[in-house]
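Database features, via Swiss-Prot:
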- Cys100-Cys178: disulfide bond (DISULFID)
- Asn4: N-linked glycosylation site (CARBOHYD)
- Asn15: N-linked glycosylation site (CARBOHYD)
- Asn101: N-linked glycosylation site (CARBOHYD)
- 1-30: topological domain 'Extracellular' (TOPO_DOM)
- 52-64: topological domain 'Cytoplasmic' (TOPO_DOM)
- 86-101: topological domain 'Extracellular' (TOPO_DOM)
- 123-143: topological domain 'Cytoplasmic' (TOPO_DOM)
- 165-190: topological domain 'Extracellular' (TOPO_DOM)
- 212-269: topological domain 'Cytoplasmic' (TOPO_DOM)
- 291-306: topological domain 'Extracellular' (TOPO_DOM)
- 328-528: topological domain 'Cytoplasmic' (TOPO_DOM)
- 31-51: transmembrane segment (TRANSMEM)
- 65-85: transmembrane segment (TRANSMEM)
- 102-122: transmembrane segment (TRANSMEM)
- 144-164: transmembrane segment (TRANSMEM)
- 191-211: transmembrane segment (TRANSMEM)
- 270-290: transmembrane segment (TRANSMEM)
- 307-327: transmembrane segment (TRANSMEM)
Amino acid sequence: MSLNSSLGHRKELSNLTEGASDQGGSGVTEFVAIVIITVFVCLGNLVIVITLYRKSYLLTLSNKFVFSLTLSNFLLSVLVLPFVVTSSIRREWIFGVVWCNFSALLYLLISSASMLTLGIIAVDRYYAVLYPMAYPMKITGNRAVMVLAYIWLHSLIGCLPPLFGWSSVEFDEFKWMCVAAWHREPGYTAFWQIWCALLPFLVMLVCYGFIFRVARVKARKVHCGAVVTVEVGVQRTGRKNSSTSTSSSGSRKSAFQGVVYSANQCKALVTILVVIGAFMVTWGPYMVVITSEALWGKNCVSPTLETWATWLSFTSAICHPLIYGLWNKTVRKELLGMCFGDRYYREPFVQRQRTSRLFSISNRITDLGLSPHLTALMAGEQPLGNSSSTGDTGFSCSQDSGTDVMLLEDYTSDDNPLHGTCPPKRRSSVTFEDEVEQIKEAAKNPILHVKADVHKSLDSYATSLAKAIEAEAKINLFGEEALPGVLLTARTVPGIGFGSRRGSRTLAGQRLQLQSIEEGDVLATEQR
């Protein structure tokens, strides 16, 4: 009996030793993981906040939502995660009951505000793409501020009930932080999930679904050969002649546009999948865990799964600055410029100021619906004519964060016709990465810009005006015989002589015609 008992004690001691070693190994792994998460959340969101704060021309209406998102994530890394790191070391909460309640409130408040902000960003992209003409009236500065205030108020309403008796706050030994006791009040668990998580997720699905539908519609139009090109030419008389032609699917231009639209469709799909996929991967496991706790009790989920699901929700704060900030080439270039100086500042300051209002951090989605003239009018600036690369369908490729820009005039005219609109004309879309690359691309692929048309029209007008002045001076000084025969024939109207009143009216009419060319046609050419 003594031998058997000693062997049993040895087995128990060995099991306890193995359990302690396993617990110590898992504790070190958890500590390293939460430290890495905290550092990445803090640094990633901090660089975006600093970039937007110091480069205020990037802080457009759309980017105000992104600024609020990254700022809230940074507050999470400063006010919540350090205490989680400490609790993972001590395996207990040592900061008192008051701070336990406050940290739980902060975690729920910041997490709820982040998810709701993602939904608002999706709504902003929806209006920018599907209703570009109404976008400046729908999304204004005052409304953006009101929406941000509502987001935080909405989140606060969803987070306060545990402090007033509906559920409670407790320290979870497997999450290593103070959270709401999801297993005590299933009703509050369902309320918080619907109020703060499910609602923005459904909004994202609907808005990005419509956006991708628009991309598919535009791609189908190109592949089916329904691309209409409007070419405008100037005749010798100064009048414009418009001819409309439909490009065939077998032509090089249509084939190229089909490839570009197909690439745009793929990139739009990738962007949407990344945004929605990041939300589902980071928050999905946590929602499953708290739902299981509310339905089947606290011990229905393994401690390891509970810990990693909670900490996986923290990684959503890492994904946000990557998706909405560092993924964009312009933001990366601004960040590198601040870190390493002018080596990465290839754009002059004036040019950055011109293009700043046309830029959005999340423009992989936004720029799908904004034409250059509309965006420039929103910014209160002139459209950029020398930095556009347009196709005959109004489509252009943006170098900003790999965005492909698609105008939606065709989609609007098909599904949502606007009353009193003008006939469709050739539209252009302004894109930019930096002026150096645009100039190089323009040198490789010559494009007939608006300025070239203006200069050509001005030269033609100046030549015609000089000839008319010379001819009229010769008539006044030397008479009609001084004019060449060809010019005399051109000036003579059948049945009307130069000496009659009708002939003088003809000269006056030509002067008015020249004045009309100067004041009307040139202005129209500049506007075109």
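Note that Cβ sites are derived from N, Cα and C of the backbone, with glycine treated the same way.
The disulfide-bonded residues considered are Cys100, Cys178; of these, Cys100 has the fewest other C-beta atoms within 10 angstroms of its C-beta. Taking every listed stretch (31-51, 102-122, 144-164, 307-327) in turn, the largest tally of C-beta pairs under 8 A with the transmembrane segment (191-211) is reached by 102-122.
Counted over residue pairs 6 or more apart, the CB atoms of the transmembrane segment (270-290) and the transmembrane segment (65-85) come under 8 Å in fewer than three pairs, which marks the two as apart. Same-chain residues lying 6 or more positions outside the topological domain 'Extracellular' (291-306) and placing a CB less than 8 Å from one of its CB atoms are 26, 172, 174-175, 182-183, 185-186, 189-190, 193, 285. Annotation note: Asn101 (N-linked glycosylation site) sits in a helical segment as assigned by DSSP. Taken residue by residue, the topological domain 'Cytoplasmic' (123-143) breaks down under DSSP into 15 helix, 0 strand, 6 coil.
Remote same-chain partners of the topological domain 'Extracellular' (86-101), defined as residues 6 or more beyond its termini with a Cβ less than 8 Å from a stretch Cβ, comprise 27, 30-31, 34, 163, 169, 171, 173, 176-178. With respect to their backbone Cα atoms, Asn101 (N-linked glycosylation site) and Cys178 (disulfide bond) stand 7 Å from each other.
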